[in-house]
Amino acid sequence: MAATTPETDPESRGATKETQPTIDGSSTIQPVLNTEPHDADEDFPEGGLRAWLVVLGSWLASFGALGISNTMATIHAYVSEHQLADYSEGSIGWIFSIYMFLAFFGGIYIGPLFDRYGPKWLIAAGTVCVVTALMLLSICTQYWSFILVFGVFNGLGISLLFTPSYAAVGHWFKERRGLATGIASTGASFGGMVYPIILRPLFETYGWAWGIRTLAFINILFCTSAFFLVRARLPPSPSQSPHPDFKIFRDPAFSLTTLGIFLMECAVFIPLTYISSYALSKGFSQSFAYQIPTILNTGSVVGRILAGWWGDNFGAFNSNIIASFICCVSCLAIWLPAGSSMAGLVIFVLVFGFGSGNQISISPVCIGKLCETKNYGRYYATSFTVASFASLIGVPLGGELVSAAKGDYWALVLFSGVLYVASGVALYAGKAMRVGWKPWVLF
């Protein structure tokens, strides 16, 4: 038998070649996939003052900007009862779905621009967009203005902030990347804990306008600090095109992982958006309903931190798959049967917050396992850009399910749980494309 060299995926740059015997005793050159990061020999600081200041800057940007994402339930509940009381749940849901869609979709160019130019001016532009959007949001009264200001303008600003902030952390850590990214991402959860606590008394005492303006002032402080703290370690690559390269989807591991993230994003923002409105529909007090996001984000903080530790020690993909299972169980075994009681609802949001925080934190690390560090911004942005379409459809579809069930939420809860099952299956298949189907292989 003549020796042959099979074709390999062009993205499998981490592959090595090994001589394998054939059935007639001759040999052929077969590619053996190296499952370690492709830049394993590169020297990463793994800590030090400069590296941890980058993590701090990323945390501040995450608190200021993504904290708003984790406060959507409070904002949704307020506008549903006041400015947009005459609109259906599905119609109002489009405001928040467009916001999350653009927050992730914008990364398709922002990620490559980070690779090419670094994070500084992207963060500056994002700060201007978010602060301006919040100031305008404080005076919004019409449906179209909420779509334009909160959905479009604020969504793009969020993308300009969190994409380079998270990507920069990956320049400073490899072995501890999961932990560092997890710590940085807890900023979003802390924002989601603090903002509802601030907003409830401000709404009651000073009204909508000054409540939202207070968020703008917080973002001025935190995001400006992030501008000075976040920096890339690797030099910008002017030779790299700022355009996305969809050839990376030829890698089945990347494609399946992106599918898993897509399904997760479709599911996660449904509870995050509707949980306060759900509580109001069950007769709970407005005070309790507005504080539920704080309880949820308390669980999310723990999940995000442990996600990094689990990811570094037991594998990022393993951590993500287990988190999918936790979210599924929380929806189908806690929220669906017991969500009408205060105790059941509190247990649900704590468990769901833990699982969803884990997934949100560790998913970028999973993407980093599939590429070289210098290309991380491109891979990250491309994956989460595809996932952004899930954000566009998940929230309004959840609202339509509520309307179809005549105001009941059982279909929305069931839909969320099924999405998490599918997400876990896709992530497991993506892992298997790299290391095989054995479940406890560390990856």
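Cβ atoms here come from the backbone N, Cα and C positions, even for glycine.
According to TrEMBL, the feature compositional bias 'Polar residues' maps to 17-33.
Sequence annotations record features per position, and here TrEMBL assigns domain 'Major facilitator superfamily (MFS) profile' to 50-434.
Positions annotated as region 'Disordered' by TrEMBL: 1-40.
Per TrEMBL, transmembrane segment is recorded for 51-79 (among others). Long-range contacts of the transmembrane segment (51-79) within the same chain: residues 45, 92, 95-96, 99-100, 103, 123, 126, 130, 134, 146, 154, 157-158, 161-162, 165-166, 168-169, 171-173, 180, 183-192, 194-196, 199-200, 203, 208, 215, 218-219, 221-223, 225-231, 269, 272-277, 280, 286, 289-290, 292-293, 296-297, 300, each at least 6 residues beyond the stretch ends and with a Cβ under 8 Å from a Cβ of the stretch.
According to TrEMBL, the feature transmembrane segment maps to 91-114 (among others).
Tertiary proximity for the transmembrane segment (121-139) is limited to same-chain residues at least six positions away from its ends with a CB under 8 Å from its CB atoms, namely 61, 64-65, 68, 110, 113-114, 145-146, 149-150, 153-154, 156-165, 208-213, 215-216, 219-220, 223-224, 226-227, 230. Taken from TrEMBL, the feature transmembrane segment covers 121-139 (among others).
Within the chain, the transmembrane segment (145-167) has long-range Cβ neighbours (under 8 A, six or more residues past its boundaries) at 57-58, 61-62, 64-66, 68-69, 79, 83-84, 94-107, 110-111, 114, 118-119, 122-123, 125-130, 132-134, 136-137, 181, 184-185, 223, 226, 230, 364, 376-377, 380-381, 384. Annotation source TrEMBL lists transmembrane segment at 145-167 (among others).
Residues or ranges marked as transmembrane segment by TrEMBL: 179-198 (among others). Cβ atoms under 8 Å from those of the transmembrane segment (179-198) belong to residues 51, 55, 58-64, 66-71, 74, 165-166, 169-170, 172-173, 211, 214-215, 290-291, 293-294, 296-298, 300-301, 304-309, 311-312, 353, 357, 360-362, 364-365 of the same chain, restricted to positions at least 6 beyond its ends.
The feature transmembrane segment is assigned by TrEMBL to 210-232 (among others).
Residues or ranges marked as transmembrane segment by TrEMBL: 253-276 (among others).
Positions annotated as transmembrane segment by TrEMBL: 288-307 (among others). Using a Cβ-Cβ cut-off under 8 Å and counting only residues 6 or more beyond its ends in the same chain, the transmembrane segment (288-307) has close neighbours at 70-74, 77-78, 178-179, 182-183, 185-186, 188-197, 199-200, 271-272, 275-277, 279-280, 319, 323, 342, 345-346, 349-362.
Here TrEMBL flags 314-336 (among others) as transmembrane segment. Long-range neighbours of the transmembrane segment (314-336) within the same chain, counting only residues 6 or more positions beyond its ends whose Cβ lies under 8 Å from a Cβ of the stretch, are 178, 257, 260, 264, 267-268, 271, 303, 307, 344-345, 347-348, 351-352, 354-356, 358-359, 362-363, 365-366, 368-369, 410, 413-414, 416-417, 420-421, 423-424, 427-428, 430-431, 440-443.
The feature transmembrane segment is assigned by TrEMBL to 342-367 (among others).
Taken from TrEMBL, the feature transmembrane segment covers 379-397 (among others).
According to TrEMBL, the transmembrane segment annotation covers 409-429 (among others). Below 8 angstroms of C-beta separation, residues 256-257, 259-261, 263-264, 266-267, 270-271, 274, 278, 281, 317, 320-321, 324-325, 327-328, 331-332, 335-336, 339, 366, 394, 397-398, 401-402, 439 of the same chain, each at least six residues beyond the ends of the transmembrane segment (409-429), sit close to that stretch.
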Sequence-distant contacts of the transmembrane segment (253-276), meaning Cβ under 8 Å and at least 6 residues beyond its ends, amount to 11, 69-70, 72-74, 76-77, 89, 93, 96-97, 100, 104, 289-290, 292-293, 296, 317, 320, 324, 327, 331, 335, 349, 352, 356, 359-360, 363, 366-367, 370-371, 379, 382-384, 386-391, 393-395, 398-399, 402, 409, 412, 415-416, 419-420, 422-427, 429-431, 433-434
Considering the transmembrane segment (379-397), which listed stretch of 91-114, 210-232, 342-367 counts the most C-beta pairs under 8 Å
91-114
Under 8 Å Cβ-Cβ from the transmembrane segment (91-114), and at least six residues away from its ends along the same chain, one finds 69, 72, 76, 79-80, 84, 122, 143, 146-147, 150-152, 154-156, 158-160, 162-164, 167-168, 232, 240-244, 265, 269, 273, 377-382, 384-385, 387-389, 391-396, 398-400
